[in-house]
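Report on one structure; see the data block that follows.
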There are 4 protein chains.
Amino acid sequence: MINQLKGTTIKVDDGQVTLTDYMGSDLSVVNAARVSFGKHKSEMDDKDVKLINYLGAHKHMSPFRHVIFTFTLEGVSEVVCRQLYKHQVGCAYTSGEFKEAATTWNEISGRYVKLEPEFHVPANFRKQSKSNKQASVEGENVETEDAVRAIYLDAMEHSFAAYKKLLDLGVCGEQARMVMPLSFKNSLIWTASLEATINFIKLRDHEGAQLEIRNLARAIKKLIEPICPHSIEALLKSSK
Amino acid sequence: MINQLKGTTIKVDDGQVTLTDYMGSDLSVVNAARVSFGKHKSEMDDKDVKLINYLGAHKHMSPFRHVIFTFTLEGVSEVVCRQLYKHQVGCAYTSGEFKEAATTWNEISGRYVKLEPEFHVPANFRKQSKSNKQASVEGENVETEDAVRAIYLDAMEHSFAAYKKLLDLGVCGEQARMVMPLSFKNSLIWTASLEATINFIKLRDHEGAQLEIRNLARAIKKLIEPICPHSIEALLKSSK
Amino acid sequence: MINQLKGTTIKVDDGQVTLTDYMGSDLSVVNAARVSFGKHKSEMDDKDVKLINYLGAHKHMSPFRHVIFTFTLEGVSEVVCRQLYKHQVGCAYTSGEFKEAATTWNEISGRYVKLEPEFHVPANFRKQSKSNKQASVEGENVETEDAVRAIYLDAMEHSFAAYKKLLDLGVCGEQARMVMPLSFKNSLIWTASLEATINFIKLRDHEGAQLEIRNLARAIKKLIEPICPHSIEALLKSSK
Amino acid sequence: MINQLKGTTIKVDDGQVTLTDYMGSDLSVVNAARVSFGKHKSEMDDKDVKLINYLGAHKHMSPFRHVIFTFTLEGVSEVVCRQLYKHQVGCAYTSGEFKEAATTWNEISGRYVKLEPEFHVPANFRKQSKSNKQASVEGENVETEDAVRAIYLDAMEHSFAAYKKLLDLGVCGEQARMVMPLSFKNSLIWTASLEATINFIKLRDHEGAQLEIRNLARAIKKLIEPICPHSIEALLKSSK
């Protein structure tokens, strides 16, 4: 039953995140914490839930590092990827950067490129927050969305045309890509322990975070919730 | 078929190591390395084997970090545990240290304690190497094994008796345990990426390593070999 | 002036900890956090203190990872060392384990070995706590300290005598050391970022921790306090 | 004398790297490796050089983790930064990303922005390699450099104009920056152990790497060479 979770996908803006693989559960946390007693339980009971809460509240983190998730992110902008690169502790990732993508494009240079699937185009353009220089407000969009979208799309198109011209003139891919915008979509495989995943969610699922990243954090939380609900609750309550 | 590997146990000296959980395979490495092309393969072919060898030879390590293993070690001495604590990169562990064990013992203080299952007792006592101050020679044992074993067992017994006397006089477990010998057996759960696991095997499955650790490295290699044979070969060939 | 801190030593029980080296200060945290503005300040002001508090309160940890300390621990028991091995994130250590020590001893086997400098002998033997199976109570010592100390010292002596006999009979050092007690003293060099150091202090300078470790945590806090007082305060306040 | 190294800057393309801080030296490696013998040397001799070579050749890496460097990178494109984010093990960084920069710009929106100091503009445009899809050849430039440079500069200008228009229309900085090109310059503070730094140099100072990254790796090597020449030589010889 639980194994059906592998491959579950959630849309995040105009990209998506998939739970590609995982190992462990609340039981793995319990069994790790009780390793010295030589007992290996195969079903949870109330005492186990209490143990998990105790571990979380007292920051005994090591048992939470034996539950691991692999997420595949597709169609996410460089800006989102960068936030994941930064979660160094207990994480590993392989990024399908621009370099390889450039190579593929080069090979199929004649094809008609549709901008939308290749670049992130916001569904809504949010207003700048007055109170916080680095934030926007969810739900408050600019009045002139059509004009804004036209400028945005034109910028993508212009950059991409320049990129193709540079390649046509023989410039190497690694220099030509410098003109490409941050909205260009990337793919990323991200493997992280439960502890690291919750740490990411705590930092990014709150008001001050960029909405695009917050949406990703919410999706990741939804994907892992059925696997280890008690551990997630205990760690989110814990004040780290 | 491959899922039957979970729970496989190999004896190592008078302890054992179990592959408790794992995720990923050679295919995960391949799929991670090709993330930018949006292809997710479900069967290996010759091109994939070549790709894995290329990644290993050129030290592109990140795709190898999405394959993860959890090992449960039981009945291993502090000396072995310490070597695993030291492999920090890409590893996590939960140790069932002496502290809890002491607590349990305390509760059942009247019971008859059999030395052998609680302490590591070597099957053979090896000679000190003349050429290398820090090593022994596999297969070359001391002539007086009976005398040696008697001294060894007496030492265990004496330490353990002192430990129990201290507890009986009301000394706290955390101070009483200071008299216990390094041969006391511990349990340990060790979760590590494929990269980190191979790194451990490379460092410990060779002549200069302590035989007890080398036996563990060999057992771990045997446990993971069916899961990702091509990646293991590629990484062991690579000179890291 | 501040450079005179290098080499400062604090006694911890019958061992000691030295601040061997360090780099950075509160200013490094401030300069890291403001890297984008191209300003490099060389003196702190009130705005900088506010910035540090903001970073701590909002768990923006990366600026705190550019301040690094190296501690040399001498004469600490295996039990203390083990706690430091466990602080994996942002730490590195080199341990002068038993193996090498055994080698040296072997060479000078004729010498008179004084137990006290080589083994940890508690100044006081604390009572076992009734309420917490894994703890003792600071200040509450057993009534029969002389009897307890005699048993403890006899156990050290007996183990050490067995160790020497095994070596004399030609047993390799790596097997002979298995009879040695956890009280045997080790040396350790521990390098950790400010974030990791504070994390260790938070976990270990509190009631539930073993007093020997707690004393070490307190000494480490004292050593680093003059270097980055504002960052330490901000991180200790932060609830991580 | 050696302390004068702090603050040394080397130009890398149209950016620069500065050795902002460091701790340790070849002697720290030697002292860490000999921690068990209780000797702390203050001058290197031939035996120490041999020890360092032995450690490198046998991959005993832990003593090399007590030497730490902090580098400040200024005026480097996102493409270069990304390579440093990826060196996770034993590294920490604080990036002065686009977000803050956007904020500053916003404040001084009336100013005349010179493209060249804000965006990376290659001194030479290299040809695409025929044999290696992902590389260029050092020294082989395109024939039409003037035409190429005009396209490149026009692309920067167009993206930047769009960015400013979006801000003027009230779009939040975090969405507006999506149109900015990868050539936009960032600042970054990177703290890494000697082991991690050498690992970066090994991976990036070779033919297959992008020339811009290779130039950075060469500059970093030059900066640290006077601090621990023997360790650098030993680690570069070692095949990791």
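Backbone N, Cα and C atoms are what each Cβ position is placed from, and that goes for glycine too.
Unlike curated entries, TrEMBL annotations are predicted automatically.
For B:Arg204, the entry in TrEMBL reads active site, involved in ionization of N3 of dUMP, leading to its activation. According to its DSSP assignment, B:Arg204 (active site, involved in ionization of N3 of dUMP, leading to its activation) is helical.
Reduced to three states, the DSSP call for B:Ser62 (FAD binding site) is helix. Just so you know, the Cβ of B:Ser62 (FAD binding site) picks up 19 other Cβ atoms within 10 Å once every protein chain is counted. Annotated FAD binding site per TrEMBL: B:Ser62, B:Glu107, B:Asn199, in sequence order.
There are 20 other Cβ atoms within 10 Å of the Cβ belonging to B:Arg204 (active site, involved in ionization of N3 of dUMP, leading to its activation). TrEMBL lists B:Glu107, B:Ile108, B:Ser109, B:Gly110, B:Arg111, B:Arg177, B:Arg204 with the feature dUMP binding site.
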Would you kindly determine which binding-site residues in the set B:Ser62, B:Arg177, B:Asn199 have their Cβ under 8 angstroms from any Cβ of chain A, listing them in sequence order or replying 'none'?
B:Ser62
Among the recorded positions B:Ser62, B:Arg177, B:Asn199, B:Arg204, the ones with a Cβ under 8 Å from any Cβ of chain C are B:Arg177
So if I draw a 10 Å sphere around the Cβ of B:Asn199 (FAD binding site), how many other Cβ atoms end up inside it?
22
Have a look around B:Arg177 (dUMP binding site) and count the other CB atoms within 10 A of its CB, chains all included.
23
What's the CA to CA span in angstrom from B:Arg204 (active site, involved in ionization of N3 of dUMP, leading to its activation) over to B:Ser62 (FAD binding site)?
22
